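Annotated in TrEMBL:
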SIGNAL    1-33  signal peptide
DOMAIN    52-147  domain 'Ig-like'
DOMAIN    152-238  domain 'Ig-like'
DOMAIN    241-336  domain 'Ig-like'
DOMAIN    341-426  domain 'Ig-like'
DOMAIN    441-535  domain 'Fibronectin type-III'
DOMAIN    541-631  domain 'Fibronectin type-III'
DOMAIN    636-731  domain 'Fibronectin type-III'
DOMAIN    741-831  domain 'Fibronectin type-III'
DOMAIN    856-952  domain 'Fibronectin type-III'
DOMAIN    957-1054  domain 'Fibronectin type-III'
REGION    1041-1097  region 'Disordered'
COMPBIAS  1052-1061  compositional bias 'Basic and acidic residues'
COMPBIAS  1087-1097  compositional bias 'Polar residues'
TRANSMEM  1103-1127  transmembrane segment
REGION    1137-1159  region 'Disordered'
REGION    1173-1325  region 'Disordered'
COMPBIAS  1190-1204  compositional bias 'Polar residues'
COMPBIAS  1243-1268  compositional bias 'Polar residues'
COMPBIAS  1276-1295  compositional bias 'Polar residues'
COMPBIAS  1312-1321  compositional bias 'Pro residues'
Amino acid sequence: MAAERGARRLLGTSSFWLCCLLLLGRRAPGAAAARSGSPPQSPGAGIRTFTPFYFLVEPVDTLSIRGSSVILNCSAYSEPSPKIEWKKDGTFLNLVSDDRRQLLPDGSLFISNVVHSKHNKPDEGYYQCVATVESLGTIVSRTAKLTVAGLPRFISQPEPSSVYAGNSAILNCEVNADLVPFVRWEQNGQPLLLDDRVIKLPSGTLVISNVTEGDGGLYRCIVESGGPPKYSDEAELKVLPDTEVTSNLVFLKQPSSLVRVIGQSAVLPCVASGLPVPAIRWMKNEEALDIESSERLVLLAGGSLEISDVTEDDAGTYFCIAGNQNETIEAQAELTVQAQPEFLKQPTNIYAHESMDIVFECEVTGKPTPTVKWVKNGDMVIPSDYFKIVKEHNLQVLGLVKSDEGFYQCIAENDVGNAQAGAQLIILEHAPATTGPLPSAPRDVVASLVSTRFIKLTWRTPASDPHGDNLTYSVFYTKEGIARERVENTSRPGEMQVTIQNLMPATVYIFRVMAQNKHGSGESSAPLRVETQPEVQLPGPAPNIRAYATSPTSITVTWETPLSGNGEIQNYKLYYMEKGTDKEQDIDVSSHSYTVNGLKKYTEYSFRVVAYNKHGPGVSTQDVAVQTLSDVPSAAPQNLSLEVRNSKSIMIHWQPPPPATQNGQITGYKIRYRKASRKSDVTETLVTGTQLSQLIEGLDRGTEYNFRVAALTINGTGPATDWLSAETFESDLDETRVPEVPSSLHVRPLVTSIVVSWTPPENQNIVVRGYAIGYGIGSPHAQTIKVDYKQRYYTIENLDPSSHYVITLKAFNNVGEGIPLYESAVTRPHTDTSEVDLFVINAPYTPVPDPTPMMPPVGVQASILSHDTIRITWADNSLPKHQKITDSRYYTVRWKTNIPANTKYKNANATTLSYLVTGLKPNTLYEFSVMVTKGRRSSTWSMTAHGTTFELVPTSPPKDVTVVSKEGKPRTIIVNWQPPSEANGKITGYIIYYSTDVNAEIHDWVIEPVVGNRLTHQIQELTLDTPYYFKIQARNSKGMGPMSEAVQFRTPKADSSDKMPNDQASGSAGKGSRLPDLGSDYKPPMSGSNSPHGSPTSVDSNMLLVIIVSVGVITIVVVVIIAIFCTRRTTSHQKKKRAACKSVNGSHKYKGNSKDVKPPDLWIHHERLELKPIDKSPDPNPIMTDTPIPRNSQDITPVDNSMDGNIHQRRNSYRGHESEDSMSTLAGRRGMRPKMMMPFDSQPPQQSVRNTPSTDTMPASSSQTCCTDHQDPEGATSSSYLASSQEEDSGQSLPTAHVRPSHPLKSFAVPAIPPPGPPTYDPALPSTPLLSQQALNHHIHSVKTASIGTLGRSRPPMPVVVPSAPEVQETTRMLEDSESSYEPDELTKEMAHLEGLMKDLNAITTA
């Protein structure tokens, strides 16, 4: 064996180095295109370089006034100098005969005496500079907007006002935004000088801070915009002397929401007035702004905030807070920051040859997200079959022709600007051939396979090179009548077939093939005219499907007539489904648009359209998703509760409205409150964002207040809650001293813990912030724990059994800790079997002086409603029997999960006897407890209730997916993975998808189902030296989760048993690697490269000959050694087998023990054998390690049984899935491995037989004849079929068989039913051979046959698997039994039964 392994390793090493030399000896067929840099070096080819051609200066947005002059700058660089022209609103300007507009020498546009009136605006618009160089191309600049200020018009004018000295004053003068720069102010007829105390806001409003007597007078504003100045009304500002009288704070000017572009300045106005004079401070997103230490933040006169050089980080909500000693008021505004388009990746210059495909890349960013369009030589590129926009922004040009040369520009545009970037395309001439013979035309070019969307071409080598081992080939093709030709190259030298993908159905294509050798390209074959098959006589997908929301409850969907109608369209069916649900609804539509009404507000829906003709439903469109518009909330906030903090403040808590009633993004809440005695005087407070509590301060002592809360969206205010009342305390609690001693302390020792309970101090007028518990063996100072002031018990854990602990309890507040209370306890011994109770239920209780503590809620129950929602209900024994709440008490619900162990409690308040806890994790156990609070009194926490949320489909894919090759079996790989991080339930199964084309539709991938308790799987019979891509999907009882990212693996190049299982591969065999983002344009290696060129580099033929001869000699020697070795082993092995068979072939009789009775060996040979389907097994727990084969392509989609109806309805309409395309892109393997459905939960396993032998063997659990040379393949059935007598009783049909007995009677003996124990297998990994099979269980399962390939083809015969040879122990037992012989009577019975069996078998065969 060592010699054999060494020979194989030597042979493998020699083959490897030979392959390396051959690969080095030829040049790749050429890259798809050469980017930026020098052109490809081709002997004799003219050197063409990229020409620098770009704009030095581009026009910018400009604001002008009537009668003034404007210059729009533009300058471009090129050699020779370019010709400059201008476009206005997309039309070229004729500057030759224009008196007011002229072109300056540098290319700039000069406009004199700008004209602008109400009905004549010839100069305002969008301008673009166009630069052209003859014989080179054209480029266009960014678009610049010229705005002309309109006629002066006042939106608001100054009004007379009076102000106390030292306060702030404002005088309004609002005009159009484009006129603000032309506004100035006068005081008493004289121009007003602005300074730090007197400023003009961007709106034109005048702000005067710290008013003095000199500020009094008459004010007016003037607009000077080119014509005669326009004056506003005069308004008098009176300055009143300072007084001691206080006045309420009011905002004279509040900030308003603002939109600014990065780099601009933003001013948020905020001016307040009142006595005493208020101070202004600013907050952003609830954080105080440090204006003094910031260089970009400035506090202007009156308190306005100026932000210079705005960045994206400045976006947010700003709060202006004005306050004095008496009160505080605040206002808020949102600052939105936008960004002009900016290129993350610009197009690069490209060299290419004719017929090639190229892609110009362009990646942009901006806010709002920019749109991208492409321009070629100044003209818009219109997408077509050969010019396509891919990956959102990239331009793909297919089948280049000479006229495609030129400059291509990517133009990005959004609401705040536009930008352009360009690149040059040069089409190179083919390099002339070097000296040497060129190949003649390839022979016998034929279309060996013609489908609707692809054609497979094959040919023979040129007559000039019959061997053609070093030839590469290029296939040129085009639509008939189209001059633009595309090219597809073979993937390796000597390959003489190519599959052309992505063709159109029922379309004529012209093909020709050229061969290349090291000297260049040879002759082209004669054109081959091939027409693709017509589409199934069903409509294609409806193009340009669009959906947009028209109201909060309606969405309009539009589409166009399918391009491939295949007959008159009778009607359309519009399918739609709410996101997150699996119930799809449909509507019959006769037109090309439909408005769906009655939808949920602010909810996302997906839509698709299927066209119908007389043949039925056509191909479905892709899903389009759209969300209905938002609206005001339709329900009030939930669980409003009031917590009285002290004599002057009340804390309000609430929860958002139910998600289904929010109808949009909640932007804030409106709080209204009033005194119960003065219901007309209502105060209103706004809370922004997601804040769910608010402290209302400045209330009167001992006064009852009513509160209500309403939710806000951008659409307005929703309904408010009912009024809820609470009364402030008459007096505040004392915190000038420490709390008194707690009124009682009780301990309850357990084995390793002590439950401590207590009651608060008798003096309830001193603030208690919490309790400190100290404990230790013999001393209470070893450990200290602090708990909340509302808590009334605590469990000290992790104690030693049978130990004496001293415990101390102290109440504390901000002043310090109070007097301690001591208690001692001895933990119980380990042997104590008394009840261990973690809750204080019947603990000794000492009454507490008034006010008495509240009783905790009882009967807490958790009702599971969904995967993330649990309803908590409870009862309150302190309420009347009808459990009606009439006071201001509220309940606090807390919950947590123990995974992870350190999870903290979450809390929420409720005012009813139930609470809906949302936002929980699926399939997670939670514990809940409740306490009640009324005024200053709170109960302890109730006993806990537990609930586990329902399962949800997995929300993350399986992780750590790896692929390795199996040792000694290069055509077999092992896939390993780990369960999903977010399984959301018990994983019941996995699906492995694999394909050789990573971009193939998922329904074209081969699938392998795996039972849920396995994390590894074997896949056999793969093609050697082929890259495969693997994805895994997990499922639980709720359905399928997302797929993992594709993992790439290349099988080994040679079928060698010496391949190690972890030969690493990224281009070689071995472990799978994570697939990089290849994009939709990626083609796997088997599809060929896109270069039409490339020829092998010359290799020294003598050196190559020496290498080949050396390797050949070594190979022959190794083969001779292996043959001699194997011959000796085979001879020895056959001698042993013949000896064993001779001893077994004697007379034999079955023993009475059923365990030793083995069924006979029926070797079935029939030329037209086909297994007929029989009834399904009732086995309720199938283990789907192997793959059942569906009857047709309709069964391919993996579905949950609970969703069968839905999915069947949804998928009855084709999604571009054609009958001929049911063959996978796996080429040869597709016919042997059709798409499959895996029944994990409810369907019984189905047996299938394999039609190729395997060298892998597995012992079966039943007896077989030892002399059969055939060994059972891995995974073969372990139990034989029942004989015909059982078959007739069960009504099941078994295959007819010719029998090859090893003993004249034994092979036809009546088989016994297999023993009840399960068959025993080697602990091997689950594997799926070429056609999967599965061990029979104790019953006879149904045997289904499947036609291989598409529907309508005849089903080939399938041989029945022969059970494998018995184990050594069984053989020994058979040899021992061979000593006995049949009795004459038994022999007669056996012969009679034999005749009946043969008649039945022949009858079945002829049928």
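Backbone N, Cα and C atoms are what each Cβ position is placed from, and that goes for glycine too.
Note on the domain 'Ig-like' (152-238): mean pLDDT across this stretch is 85. The domain 'Ig-like' (341-426) and the domain 'Ig-like' (152-238) are not in contact, since fewer than 3 Cβ pairs between them lie under 8 Å (pairs 6 or more apart in sequence). According to DSSP, the domain 'Ig-like' (152-238) comprises 9 helix, 38 strand, 40 coil. Sorting the domain 'Fibronectin type-III' (541-631) by DSSP state (H, G, I as helix; E, B as strand; all else coil) yields 0 helix, 45 strand, 46 coil. Counting residues per DSSP class in helix, strand and coil order gives 4 helix, 55 strand, 37 coil for the domain 'Fibronectin type-III' (636-731).
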